[in-house]
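Record features, source Swiss-Prot:
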DOMAIN    3-166  domain 'EngA-type G 1'
BINDING   9-16, 56-60, 118-121  GTP 1 binding site
DOMAIN    175-348  domain 'EngA-type G 2'
BINDING   181-188, 228-232, 293-296  GTP 2 binding site
DOMAIN    349-433  domain 'KH-like'
Amino acid sequence: MIPVIALVGRPNVGKSTLFNRITKTQDALVADFPGLTRDRQYGHAQHENKSFIIVDTGGIGVDDIEVDTLMSRQSQVALNEANVILFLVDGRSGLTGIDQQIAQALRKLNKKVHLVVNKTDGMNEDIACADFQSLGITDVHAISASHGGGISSLLEEILEPFTTETHEATDDKAIKIAFAGRPNVGKSTLINRILGEERVVVYDMPGTTRDSISIPFTREDKQYVLIDTAGVRRKSRIDEKIEKFSVIKTLQAIKEAHVCLLLLDANEGITDQDMNLLGFIIESGKALVIAVNKWDGLEEDHKEKIKSELSRRLHFANFAKIRFISALHGSGVGGLFKDINEAYHSAIQSFSTPKLTRLLQDISAKHTPPCINGRRIKLRYAHLGGHNPPVIVIHGNQLDALPESYKRYLNNEFIKHLGLVGTPLKIEFKGGQNPFANKKNKLSQRQVNKKKRLMRWAKSKK
């Protein structure tokens, strides 16, 4: 299971800054496209090939809320799900009474807690940390969230117990499908419809009701595992913070899956919660199929309105197939597995270096890269850098100056010519390095003698 790291601390100690710093340490699969919203209370991050989910529990001890609310429902869910807790304090302000109360509450959780002393830039780290020795937390780290100091070593230590997991499946293994979406969007109805059609005898439901439910079954001699996730609910005013953490199980299921099936409600259209979930799926690089449920019985003008909204708001996910279905009546459900298999096989495909290089040459010849300071950017060769999602590594010169518009052009052309369906594509650029950079030019003996003659001649002319 993907580890969960929770950030805890009083307000203004730098939790949001650290959260943003950590979630941006990975090479983002997608840019912040207009219209793609994210709930920044949780996020996906990666450090040295180890993926994890990070959660910001918000400030404690503000707005006249007692520190005991740490143990209340609004933070209890997140802290119970967390594998590691990072307790942030302010190295400049020193130890406060609220810090002491939070530490006392954390001790009751029986969780691994790391004390993170923030804002230590320009300070003696030992002196800054010494003020917090009375809290009795042995694992202490001095960092600067705003400047990035100490964060890499912090992540390295807290992730050390967790193994590097790869989720590249082969054809002889079951394809894991995560059914994601808001409550009442029809996830369970759709799964029951699929199971009913396939007449599955085995129905395994491990864990508690709060856990994701994994259901193995066979369809046309292929093995699948359906993962019924907890719904991402709309945030009410009272339970706003509670609802932010109800998504953790869903996010873990998405990270474990090979393909994500995002279910939307045709009656409600695309909500902010849908966009949050879609953003996380794309960030995670997962193969994706979108199903618009409750399509039966809608007026034609409403159907056209929904299609227009999908085209307008989901342009950044145009690689994904969209199906219009009715989980209750079964219409359109049969075509979902065709899309799921296409997306899965696109995500794990392999391409040879000669094929990718020839394709790169054809694409760049069709629309040549721009010139920078009178020199044209050169794209030399390409090779495969990974699977699920597919990663193509392009080598060349002056690639740092390659415009974003041309990068999008390359991405779209590779997707089209490789026939990728239902999976995002990541392209990495690596510029050529001068092998003689920072090396002193060693002269031959003949060149040394000539240099001496020139120097003697120059002196004789003075």
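Residue positions begin at 1 at the first shown residue.
Cβ coordinates are placed from backbone N, Cα and C, and glycine is handled just like the others.
As the structure is a computational prediction, the values presented were derived from the model and not from experiment.
Overlay of Swiss-Prot feature records on the structure.
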{"residue": "GLY9", "record": "GTP 1 binding site", "DSSP (3 states)": "coil"}
{"residue": "LYS15", "record": "GTP 1 binding site", "DSSP (3 states)": "helix"}
{"residue": "THR57", "record": "GTP 1 binding site", "DSSP (3 states)": "coil"}
{"residue": "THR120", "record": "GTP 1 binding site", "DSSP (3 states)": "coil"}
{"residue": "GLY181", "record": "GTP 2 binding site", "DSSP (3 states)": "coil"}
{"residue": "LYS187", "record": "GTP 2 binding site", "DSSP (3 states)": "helix"}
{"residue": "THR229", "record": "GTP 2 binding site", "DSSP (3 states)": "coil"}
{"residue": "TRP295", "record": "GTP 2 binding site", "DSSP (3 states)": "coil"}
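Per DSSP, the secondary structure of the domain 'KH-like' (349-433) breaks down as 32 helix, 26 strand, 27 coil. Straight-line distance linking the Cα atoms of THR229 (GTP 2 binding site) and THR57 (GTP 1 binding site), rounded to a whole number, equals 22 Å. Note on the domain 'KH-like' (349-433): its mean pLDDT in the predicted model is 90. In this structure the alpha carbons, written CA, of THR57 (GTP 1 binding site) and GLY181 (GTP 2 binding site) are 23 Å apart. On the backbone, the CA of ASN184 (GTP 2 binding site) and the CA of LYS15 (GTP 1 binding site) stand 33 Å apart. In this structure, the C-alpha atom of GLY181 (GTP 2 binding site) lies 31 angstrom from that of GLY9 (GTP 1 binding site).
A distance of 47 Å separates the Cα atom of ASN12 (GTP 1 binding site) from that of TRP295 (GTP 2 binding site).
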